[in-house]
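If you check Swiss-Prot, you get these features:
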BINDING   Glu43, Asp68, Asn101, Asn123  S-adenosyl-L-methionine binding site
BINDING   Lys127, Asp159, Thr196, Glu197, Tyr198, Glu199  substrate binding site
REGION    129-134  region 'Interaction with RNA'
Amino acid sequence: MRLRKKWWARPEIEASDKFAEEPKELRGKWNKEFNNNNDIHLELGCGRGGFISQLVEKNKDINYVGIDLKDEVIVYAIRKVKEKEEEVKREFKNIKFVTMNIMGIAEVFDKNEISKIYINFCNPWPKERHNKRRLTHTKLLTEYKKFLKPNTEIWFKTDDKELFEDSQEYFKESGFNIEYITYDLHNSDFKENIKTEYETKFETMGMKIMFLKARLL
């Protein structure tokens, strides 16, 4: 579904200190932007921020960058973080949001700058001619490797079985070792899961969620 253009979104996100307006200028300088030397984790396709806002609250010693394509999405992610701040009565200084096409992500982060990636319910791009747009495709995994630290983990969740099984091959072909995998996350022994908005919706529909952790060798 195509989002309706919200002309008010850009001014609102630019007014927020949670928004990185010129991310390419921060390449190699993200820790300076956060004013600390803590690890930096990415969520690719952060949507409306339900997942990353929980991470930010739970892990104040980790920096987070949430990336999505549209201002119309990021504006709600920023609002979600603000809501969480008001709920816990604490300002989160460990979160930044970026609007960009993830295909150009290596222009935004430098070598060894990122310690973890989360990919949740990304577009499965089922048509073969579109497969290279998948966020887990070897083409993009090669780009991620340009800025990932050694032994970095990528956590991947989806409800799409074809994407999940193809992604296992993508990770293996790209030099990652799959350390944990389940085809039914909510009935697995994995205890560190944080649910996204989509995930909660899918759970009420009785859909199984697939999950894997892949580590860069």
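Placed from the backbone N, Cα and C atoms, the Cβ positions cover glycine too.
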**OP:** List the residues of the same chain that sit at least 6 positions away from Asn101 (S-adenosyl-L-methionine binding site) in sequence and have their Cβ under 8 Å from its Cβ, in sequence order, or write 'none'.
**Re:** Leu69
Subject >> Long-range neighbours of the region 'Interaction with RNA' (129-134), counting only residues six or more past its ends (CB under 8 A) >> reply: 103, 122-123, 140, 163, 166-167, 170
**OP:** Write out how many residues of the region 'Interaction with RNA' (129-134) are helix, how many strand and how many coil, based on DSSP.
**Re:** 5 helix, 0 strand, 1 coil
**OP:** For Asp68 (S-adenosyl-L-methionine binding site) and Lys127 (substrate binding site), determine the Cα separation and express it in whole Å.
**Re:** 22
**OP:** Report, as a single number, how many Cβ atoms besides its own are within 10 Å of the Cβ of Glu199 (substrate binding site).
**Re:** 22
Subject >> For the binding-site residues Asp159, Glu197, the one whose C-beta sees the most other C-beta atoms within 10 angstroms >> reply: Asp159
Subject >> Rounded to the nearest Å - Cα separation of Glu199 (substrate binding site) and Asn123 (S-adenosyl-L-methionine binding site) >> reply: 14
Original post:
DSSP on Asp159 (substrate binding site), three-state: which is it?
Top reply: coil
Subject >> Distance from Thr196 (substrate binding site) back to Glu43 (S-adenosyl-L-methionine binding site), taken between C-alpha atoms, in Å >> reply: 12
